[in-house]
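*Asks:* Right, I'll just put the structure down here and ask away after.
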């Protein structure tokens, strides 16, 4: 005797077996239902149903639309840190080469004699320095292309090294060592100050540029006075002012390298940044030699 069982109240055949089920043979298969798209439950937040932000599929969000990836700022800091590290390593290598070249005349007397008898090489090295420096500063393709940028940097370093060796060869050893110590202490203090201070020194570039023009004009007058009128004290004043000015430039360049200021150097210009810091330190040493270096002639 068969019983005709009626359907229970509220029965909906489209809601039966919405996912996976078992077929008659005992195997598991996916039940395909046409036209059935169940709506997800409304989001629940703060004790009541509210709307929540939708995470779109873009690189700033995690896979499968989950929480956002907060790595963009981390990447910026990583790039800047790698840039700063690369700049200071390059500056250290350049200064090391110049220091070794400067020490050669004091360790080898024939080299000292040759340098003093060959003033034309100083002018030649100065011309090479100007040509390479202008090429690196004005041609972005040169200073950003490898290995041309490193080759030009090496040539510039050797030219600066020879000029420094020539200047140091005309001085006594003790004043040269004293100027080296003063330069190291001053530059180290300036670098630490620039990295720690909250003042944005890069906003003072306009005032520093005006001061540079004034010091340059005064230097020309002092040079003419020293050559033609034998007035040496004006050139001494010029050397002191120039040393202070390049210390300011060093502080500004360090802040532009560190970033986070009004003006900053792009991480792609590590050669440009290294040359700027290198020249600031070398110029400070040169000016201190003019102030404290006694001539051995």
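Including glycine, each Cβ sits where the backbone N, Cα and C put it.
Model, not experiment: these values are computed from the prediction.
According to TrEMBL, the record shows the following:
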- 1-18: compositional bias 'Polar residues' (COMPBIAS)
- 1-42: region 'Disordered' (REGION)
- 23-37: compositional bias 'Low complexity' (COMPBIAS)
- 87-108: transmembrane segment (TRANSMEM)
- 120-139: transmembrane segment (TRANSMEM)
- 146-169: transmembrane segment (TRANSMEM)
- 175-193: transmembrane segment (TRANSMEM)
- 205-229: transmembrane segment (TRANSMEM)
- 235-252: transmembrane segment (TRANSMEM)
- 272-292: transmembrane segment (TRANSMEM)
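Can you tell me where each of these features sits in the structure?
*Replies:* Counting residues 6+ beyond its ends, the transmembrane segment (120-139) has Cβ neighbours under 8 Å at 149, 152-153, 155-156, 158-160, 162-163, 166, 271-272, 275 in the same chain.
Beyond its flanks by at least six residues, the transmembrane segment (146-169) meets 90, 94, 97-98, 100-102, 104-106, 112, 115-116, 121-122, 125-126, 128-129, 132-133, 135-136, 176, 271, 274-275, 278-279, 282, 285-286, 289, 293 of its own chain at Cβ-Cβ distances under 8 Å.
If one looks beyond the transmembrane segment (272-292) by at least 6 residues along the same chain, the residues whose Cβ comes under 8 Å of a Cβ in the stretch are 83, 86-87, 90-91, 94-95, 98, 133, 136-137, 143, 153, 156-157, 160, 164, 167-168, 171, 175-176, 178-180, 182-183, 186-187, 235-236, 239-240, 242-243, 246-247, 249-250, 253-254, 256-257, 265.
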*Asks:* Taking the transmembrane segment (87-108) as reference, which of 175-193, 205-229, 235-252 has the most Cβ pairs under 8 angstroms?
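*Replies:* Ranked by Cβ pairs under 8 Å, first place goes to 175-193.
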